[in-house]
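Visitor: Got a structure for you, written out below as structure tokens; questions coming shortly.
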């Protein structure tokens, strides 16, 4: 069995290709069920976001599995395989497993270290459980990947620092005021960057938002998003008296606020600090405003410097996570290798215990005079002999499973002990148990899903 991932992302395909291969959320479960019917595909999970569509699968034959995974994508979206093939990323084995860990941890995201993808990976896995396309291998792998990604974020703090200009403004505001609860935000203009900064500030718990714009109607539309107040540009000075934080992005030709305009307001503000962020190009706020004692002025270049420094910190954290992933790969590989040897060991034990049981029956016929206590002692000691005899072969089987050419080595091991048929029977039993457990897990997921959040 092999693990394969086939898909597109923002690195391999332009948006016009990605949008053609994006699954609607409502159809994702049906798509996984359809993929499960494809030849060679044993398990599957599909992750589909605005930046990526990736099909993860456990296949019994590598070449056949790859072929049918590509064919499935082409058929589902009504395109030819040849049309999408140049944009597809195809990874196999350890490379595919490593990719999942990197994706879940946010290392493969457009915004390095973002956490939204972790929730999306988790939701896709939960859905696969619900529809029955995730089995023993993916249940283990995806749980491990999600758990690891949470730990990686917690231990490295990769997402702790802003890497967008709009959120960098929030970070600076927190450094000046500490807590933002109850602070009054004044938005000058209705530009995109200013709006994003306002959204981030509002999400951080500021108390009130006022929007000032040349066009009052636009100011009202933006203010409505934050349950705020709209004012015409002529009332800017009055709005400044109440504000703690000013975000300006008007796109005006000259300065809309100068040192001479703000200086008279300082006494009226009674020394309250005024945090001003100029996101406009050309600038809205006179650089001389920084000379005022209570004004903290930052422009777009200052914010870019903050973002660059924060990105460098994220890259350091990402390097740590890459190292952590290597340990996770080793742990999963060891688990996967032992997965194949479990039925072999079980069959070997069953054969040995069957021989011991037959021997005990023979002894009962030949030694009818033995007491019940004698039989208990005899049974205990014969089982002890069995366990001692099996100890070295079991250790050897585990080593074979972890070594090169494990499949061929285990086949030879089974032939030596004549347990091929018994191993097949054990695997059927394990498969039946796995299906039953998966059904129980899926039922538990359906019952608990609303409360299982990141």
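Even glycines carry a Cβ here, placed using N, Cα and C.
Copied straight from Swiss-Prot:
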BINDING   49, 50, 51, 52, 109, 114, 115, 116, 120  substrate binding site
ACT_SITE  50  active site, nucleophile
SITE      99  site 'Important for activity'
BINDING   189, 190, 191, 192, 193, 194  NADP(+) binding site
Visitor: If you count other Cβ atoms within 10 Å of each one's Cβ, which of the recorded positions 99, 192 has the most?
Guide: 99
Visitor: How many Å separate the Cα atoms of residue 192 (NADP(+) binding site) and the residue listed as 'active site, nucleophile'?
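Guide: The Cα atom of residue 192 (NADP(+) binding site) is 20 Å away from the Cα atom of the residue listed as 'active site, nucleophile'.
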Visitor: How many other Cβ atoms sit within 10 Å of the Cβ of residue 189 (NADP(+) binding site)?
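Guide: Residue 189 (NADP(+) binding site) is surrounded by 25 other Cβ atoms within 10 Å.
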Visitor: Write out, in the order they occur in the sequence, the residues of the chain not among 189, 190, 191, 192, 193, 194 that have a C-beta within 8 Å of the mean position of the C-beta atoms of the recorded NADP(+) site.
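Guide: Neighbours found: 187, 195, 196, 249, 250, 251, 279, 280.
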Visitor: Give the sequence-ordered set of same-chain residues, not counting 49, 50, 51, 52, 109, 114, 115, 116, 120, with Cβ within 8 Å of the centre of the Cβ atoms defining the substrate site.
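Guide: Other same-chain residues near the substrate site: 106, 110, 117.
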Visitor: Look at the binding-site residues 191, 194 and tell me which residue has the greatest number of other C-beta atoms within 10 angstroms of its C-beta.
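Guide: When each Cβ's neighbours within 10 Å are tallied, 194 tops the list.
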Visitor: In whole Å, how far is residue 194 (NADP(+) binding site) from residue 51 (substrate binding site) when you measure between their Cα atoms?
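Guide: Roughly 25 Å, rounded to the nearest whole number.
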Visitor: Whole-number answer please: how many Å between the C-alpha atoms of residue 120 (substrate binding site) and residue 190 (NADP(+) binding site)?
Guide: 32
Visitor: Distance check, please: Cα of residue 50 (active site, nucleophile) against Cα of residue 109 (substrate binding site), rounded to an integer number of angstrom.
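Guide: That separation, Cα to Cα, works out to 11 Å.
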Visitor: Roughly how many angstrom lie between the C-alpha atoms of residue 193 (NADP(+) binding site) and residue 49 (substrate binding site)?
Guide: 24
